[in-house]
Amino acid sequence: MRRRNRYPGAVQEITSPIPQYLSALLDAVRDEQSGHVADYIPELASADPNPLGIAMCTVSGRIYSAGDCDVPFTLQSISKPFAYALALQERGIETVMATVGMEPSGEAFNELSLDGKSNLPMNPMINAGAIAVNQLINGEDSTVEDRVEVIRSLMSDLAGRDLGFNESLCYSELDHADRNLSIAHMLRSYGVIRDTAHDAVLSYTRQCAIETTARDLAAMVATLGNGGVQPITGKRVLDPDVCRLTMAVMSSAGMYDAAGRWMARVGIPAKSGVSGGLIGTLPGQLGIATFSPRLDQEGNSVRGTMLFEKLSQQMGLHLMNPLPVGVHAVRAIEERGEDTVIVLQGMINFSAAESIIHEISTRDFSAHRLVLDVTRVVQVDGVGKRMLGSTLLRMRRAGYDIGVYDPEKRLLGLVLSDGTRAPRLKGLKGLKERLR
Ligand code: DON
């Protein structure tokens, strides 16, 4: 909410430059007319090829958008990573891996192919894998109707609103589903699925016909990047391990036979759909969704691909950009009377803990007591906690008294490697002076 405390001399509000940037990004690709709308589904063949929209959702739940970000379209293959996540969540990694692999296939999304050795679909992003994954949801004995409702409900939790189906598009696709029916027959003949080919394709096609907008999709994919908590509603929808695995498979197989080029040029785990949507997420940062129906030869949106390329290059959003996490984890080392206070800051993970240990182990301290001050630490992950615990123990074994100053309880549950705890200090001498 905006706070009304503007300086009387200010003439206008300070606004974010991001919406304007996104509009300019759309303008930069607007005139690109190459590619074709998908024509193997009659209702998609007659779709308007012109809409162009983009939305971005941060893991803090802020949405930025431009253009046709509220125009509804069907998920199609964009449903695949979310259905995969649901199957992982319900059935566990082992069961899912016994049904579908996680290697890029290097083939078209609708190829009639299985892994030569295992006779399993290569990955959950191609149709063969997605039809098999769909069958895992809500148990093998589920009716089509119940299974599809469980999927719709998960997609709704991810979007933060109740989603529905595009019925006419669904039945238009089912009338021309020979290819997916052959895939389902193939899966059944190898014992990968139990349902009839008809029911398996019906269930999968309804999953593909769930309707969303780019704005919904930005929040849905940001939920994966946020470890499973929907950033706007705050609801935990998926487990962090499930999200990590889903994003990993998206990064290797989400863009079909363009996956290698995509990772090099864009570097954002992504998934495309034949209705023109494209989603991507940078773990811990944001989710992005674009909508533009004309597709390239691989079945990926032409202008969507251009938008992602530009965003990645212009905004430094490539996954492989090095983030110097932990470089400045030790903010200061201060002598305070009898104590030496080691002031930590930021997020403490493996790399941050490593740099803290390096700082501590390469110094001589004159004070008798060493204190870790974690008031400026934002978060400590499990590895960071274990490493700080073992460092505190080494400090004690080296002959120092130890203590932690942790009023926000960032180190809650920290136990040293010998099972003892570090004394918690109620205050620090000279703290007021430092904060001022
Ligand atoms: O099964 C199909 O062919 C469609 N329902 C979905 C394919 C799709 O979106 C491929 N992605 N680019």
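Including glycine, each Cβ sits where the backbone N, Cα and C put it.
What TrEMBL says about a protein is an automatic prediction, not a curated fact.
Take the substrate site that TrEMBL assigns to S77, N127, E173, N180, Y256, V274: the candidate from Y64, Y190, Y204 listed for it is Y204. For Y204 (substrate binding site), the same-chain residues 6+ apart in sequence whose C-beta sits under 8 angstroms from its C-beta are N127, A130, I131, N134, N180. Other C-beta atoms found within 10 angstroms of the C-beta of N127 (substrate binding site) number 22, with every protein chain shown included. Only N180, in sequence order, out of the binding-site residues N180, Y204, Y256 have a CB under 6 Å from ligand 1.
Across the range of the domain 'STAS' (341-402), the DSSP-based residue counts are 28 helix, 22 strand, 12 coil.
Within 10 Å of the C-beta atom of V274 (substrate binding site) sit 24 other C-beta atoms, taking all shown protein chains into account.
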